[in-house]
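Engineer: Below: one structure in structure tokens.
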Amino acid sequence: MKGQNSRYNVAKLLLIGLVFHLVYIGCAWDEELWIPNEGVAPSKRLVLIVGDGLRADLLFSLNAFADIPGSPEIVAPHLRSIVESRGAFGISHTRVPTESRPGHVAIIGKYFTCGMYEDVSAVTKGWKTNPVDFDSVFNQSKSTYSFGSPDILPMFAKGATPGKVKTWTYNEDEEDFTKDATALDVWVLDRLKSLFQNATSDPRLLEDLRSEKVVFFLHLLGLDTTGHSYRPHSKEYMHNIRVVDDIVRETESLMSEFYQDNSTSFIFTADHGMSVIGNHGDGHPDNTRTPLVAWGSGIRGPVLDTTPSAHDTFSASWQLGHLFRRDVEQADIASLMAALIGVNWPVNSVGVLPDVDSTRPGYLDPKLGEEALAHAAFVNAKVILEQFRVKDELKRKHTIFYKSLKPLSEFSFTDDAPQILKIEQLITEKRWDAARFASSEVIQEALKGLHYLQTYDRFLIRAFVTAAYFGWAAYASLYLLRPLDNIPQAASFLATSQAASALTVAGWTVLVGFWISFILQRSPWSFYIYIAFPCYFWHQFLVQAFVTLKLGPQLQMSLSQMISTSVMVVLALLGMVVGYKHRSIWSIGFVFIGLLWPLSRGKDVHSRSPWYTSFWAISCLVTGVFPLLSVDKTESLTTITIGGFAILLTGSAVAWRIVQSTKKPSTQTMLAKLFVCQIFFIGFTMAITASSVRHLQAKKGLPAQNQWAGWLVLVISSVLPFAFRGQGHTKYSKILMYFLGFGPCFVILSISVEGLFFLAYSAVLITWIQVEKAVRSSNAAASSSNTTEPSIEEMKVTKSELELAIAHKFDLDDLRIALFFLFFVQVGFFGTGNVASISSFYLAPVYRLIPIFNPFYMSALLIFKIIAPYIMLSITFAVLNDALNLPPFSLLLVALTITDGMTLAFFYNVQDTGSWLEIGQSISFFCITSLLLLWAAGICAAGEYLMADVLSLSLVKDPKKVD
């Protein structure tokens with residue numbers, strides 16, 4: 001069958017797959033709501049101090065830095081004294097992503113969307129600015145004076161009332177990871193001092209400062225920068241905590257001297273924590289548990305702990321068990337700040353004032369009076385109740401057969417609701433505790449209602465997703481089996497078949513019926529597309545399956561083959577699913593494919609290629625060691641150097657062999673010059689890296705010449721393989737060229753064993769080609785007596801189109817190769833990192849090229865380092881297709897039919913309750929596996945493009961290949 005006559009265009013399939021998988025990660029927006037604060041303001045002004053990247057345990061624990069000689073028992077004596085003598089404390093639990101921007105949005109005023117604390121699309125702007133304006137406590141204040149990082153402060157001024165939020169930021173160049181970051185925190189304190197000093201000669205400024213409802217925001221970035229550079233258990237981090245403690249003490253002294261009225265509230269917290277390796281972003285408890293200390297006007301003092309459950313093993317080392325620990329959610333801080341200075345709750349805030357619960361101490365001072373606390377709880381209840389009321393009305397109005405949640409159906413949410421009237425009555429009767437308890441009940445029921453509304457369409461969406469992913473697998477299988485190409489008279493039968501027409505009418509009826517219901521319910525636009533995909537997929541599959549049953553031959557597969565194949569696929573996919581949480585699974589996989597699988601093929605495979613099968617087993621076992629290693633690595637120049645030498649020596653040996661085997665002198669000279677140049681780049685990079693590491697570890701900063709030389713060699717070495725178009729390359733010389741080209745990347749951007757992993761991973765991939773050739777040769781020999789050799793004309797198809805894949809007849813062994821491919825796709829990511837922890841990828845090596853904080857360029861370098869092994873996979877997979885006499889993309893088509901088995905498994909595991917680690921991981925896993933198909937397709941396309949010149953040469957040598 002000639003490719004140009006096929007009804008199956010692989011490019012169309014990949015485009016549909018791209019759109020389908022991107023659409024199914026969609027989300028809708030919520031409305032904004034506003035409620036006035038009718039409570040009594042116990043404080044005239046508020047000081048919010050955020051120690052960016054501060055872990056709760058390292059602030060509160062005694063002897064937190066015991067491993068550092070001469071470290072103090074109490075690292076923050078001033079904050080400790082506040083906790084013990086005149087303030088309230090606890091843990092502020094953050095949500096994923098644990099980044100600076102989302103954390104500050106949650107603290108100061110959150111935008112509640114899609115059931116999450118943060119607008120996830122802000123990641124496209126590096127968590128610096130919000131694509132959707134949001135309200136904040138700052139915007140509700142009389143004036144806010146903010147000092148700190150240019151990455152955080154501007155986003156609160158944007159969208160606020162002009163002139164209300166005043167900002168003082170240092171230059172971005174000051175965020176240098178190689179310098180002493182405490183200077184950034186001292187800068188903040190100096191600007192605050194200057195502000196008060198300027199007020200003595202500026203009457204207008206003085207009047208504004210002495211107004212009520214004024215907020216001061218001190219953003220202290222030093223801890224985050226220091227933690228990234230030296231890790232949180234370092235003496236540098238310890239010193240930075242002491243600097244922050246001094247700044248808190250001096251800030252309190254400045255406020256006291258300037259105002260002299262004891263009407264200032266202070267809140268000290270952090271936006272996120274810090275992992276042991278100096279990163280954050282995921283839901284690990286080290287990143288989600290941050291300190292909260294509150295004191296001053298309107299805030300209670302220490303309370304003796306009469307409830308042992310308030311403390312746990314985490315806080316045992318603090319030795320504060322005699323004092324009550326009051327934990328909160330990070331969004332609750334905004335509600336506390338609004339209550340303290342008597343400003344309106346931020347738009348869409350779902351924070352719950354800790355003092356709503358009358359059974360446990362909150363943060364407000366009981367001396368304010370029970371009436372004030374009852375009013376504050378009542379306002380909080382009305383804020384959240386109003387959100388539910390509006391959203392419930394909208395949902396009820398636009399939903400056909402709306403169904404209320406049974407416990408809530410008896411709860412009234414109108415303005416004159418009995419529950420609200422009851423609270424007002426209790427306040428009128430001065431039954432303050434009862435009023436707070438009733439407010440708490442309203443809040444809890446309203447929050448349940450909000451969650452119910454947010455998940456109201458969950459069953460429908462799950463039905464869409466299940467039908468769509470199974471439909472995609474069925475639809476992709478058509479491109480594998482190609483019934484319309486392989487069955488005579490298929491096209492004419494389709495044109496005249498009434499059953500096929502009935503299936504088409506049924507498909508359109510279902511689609512239009514759903515669309516009409518969506519119009520009546522004013523459903524999100526994404527719903528229209530969600531239902532379109534499964535309707536299209538299943539219509540195409542059912543029509544062609546009907547044709548196959550009527551006209552085509554029965555599938556040549558026994559029941560035992562079907563069962564064994566299905567079991568193999570399911571077990572393999574389930575193993576990969578488990579591997580997302582347990583990296584050791586990938587090591588077990590290497591043992592299976594390296595040892596057990598070759599043994600199952602018998603002695604024939606080994607006898608045909610004994611050297612390669614032996615090396616295959618060794619390389620698999622060596623590569624399988626890396627997933628067993630801890631992701632918590634320390635910078636090791638020795639290991640980096642060993643990795644560099646291993647890449648250099650291996651590359652040199654292979655290069656020498658390739659050059660010696662090249663018969664044409666001009667080609668031999670060209671390849672020799674190329675490989676010598678690349679090997680030189682690796683050696684030069686090792687020298688630069690060694691110098692940079694020593695300077696950074698000695699805190700001497702990054703020498704400019706090292707930075708420029710590092711960039712120069714990295715760019716040239718990485719671009720060279722893509723730009724070089726010299727004639728005379730073979731498939732394996734070109735693979736070596738890319739391997740050596742990425743060598744400098746795995747030296748200058750490595751922190752430990754990454755270079756060794758890159759070498760082992762590449763060796764496995766290259767050996768895979770030879771082993772698969774031996775297996776295919778063994779299979780061909782076993783079946784040669786029952787088959788006839790096709791003619792050259794029968795095998796000819798055009799080679800310029802993606803439709804090359806139609807010439808291949810599906811074989812069960814292709815399914816096993818596709819599973820191997822998916823395994824290698826994920827091992828390329830899991831080898832030295834862990835998708836369960838974003839923090840497992842280190843920033844420290846990036847400082848050798850970018851010492852100044854720049855999230856986009858830093859992320860780009862990390863992504864480039866992650867992508868490099870996939871370039872090796874892409875080109876070896878292209879060569880594997882060629883070596884097995886398979887057209888391009890034929891094995892990918894097999895992978896397309898099984899990939900979303902993992903996606904569906906992770907979809908049903910997505911959580912919106914439980915720990916933040918579980919919630920964040922479940923969402924991350926689903927998104928990653930949703931895009932795995934696109935990633936695999938990109939790998940195949942990249943490999944075919946990069947190796948096109950050498951693969952086209954092999955076609956001429958093998959008459960079975962395409963023209």
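Yeah, the Cβs are placed from backbone N, Cα and C, and that goes for glycine too.
Annotations per TrEMBL:
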- 448-915: domain 'GPI ethanolamine phosphate transferase 1 C-terminal' (DOMAIN)
- 459-481: transmembrane segment (TRANSMEM)
- 502-521: transmembrane segment (TRANSMEM)
- 527-547: transmembrane segment (TRANSMEM)
- 559-578: transmembrane segment (TRANSMEM)
- 584-599: transmembrane segment (TRANSMEM)
- 671-688: transmembrane segment (TRANSMEM)
- 708-724: transmembrane segment (TRANSMEM)
- 736-769: transmembrane segment (TRANSMEM)
- 817-844: transmembrane segment (TRANSMEM)
- 856-880: transmembrane segment (TRANSMEM)
- 886-910: transmembrane segment (TRANSMEM)
- 922-947: transmembrane segment (TRANSMEM)
Engineer: Do at least three CB pairs under 8 A connect the transmembrane segment (459-481) and the transmembrane segment (502-521), leaving out pairs fewer than 6 apart in sequence?
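Structural biologist: Touching, no - the transmembrane segment (502-521) and the transmembrane segment (459-481) miss the threshold of 3 or more Cβ pairs under 8 Å.
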Engineer: Between the transmembrane segment (459-481) and the stretches 584-599, 736-769, 856-880, 886-910, work out which stretch tops the count of Cβ pairs under 8 Å.
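Structural biologist: Most contacts with the transmembrane segment (459-481): 886-910.
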Engineer: Excluding the flanking five residues on each side, which residues at least 6 beyond the ends of the transmembrane segment (584-599) place their CB within less than 8 Å of a CB in that stretch?
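Structural biologist: For the transmembrane segment (584-599), the sequence-distant neighbours (Cβ-Cβ under 8 Å, at least 6 residues beyond its ends) are 575-576, 578, 605-606, 613, 616-621, 623-625, 627-628, 771, 820, 823, 826-827, 830-831.
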Engineer: Mind pulling out the one from 527-547, 671-688, 736-769, 886-910 with the most Cβ pairs under 8 angstroms to the transmembrane segment (856-880)?
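Structural biologist: Most Cβ pairs under 8 Å with the transmembrane segment (856-880) come from 736-769.
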Engineer: Within this structure, do the transmembrane segment (527-547) and the transmembrane segment (671-688) have 3 or more Cβ pairs under 8 angstroms, counting pairs 6 or more apart in sequence?
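Structural biologist: Contact criterion not met.
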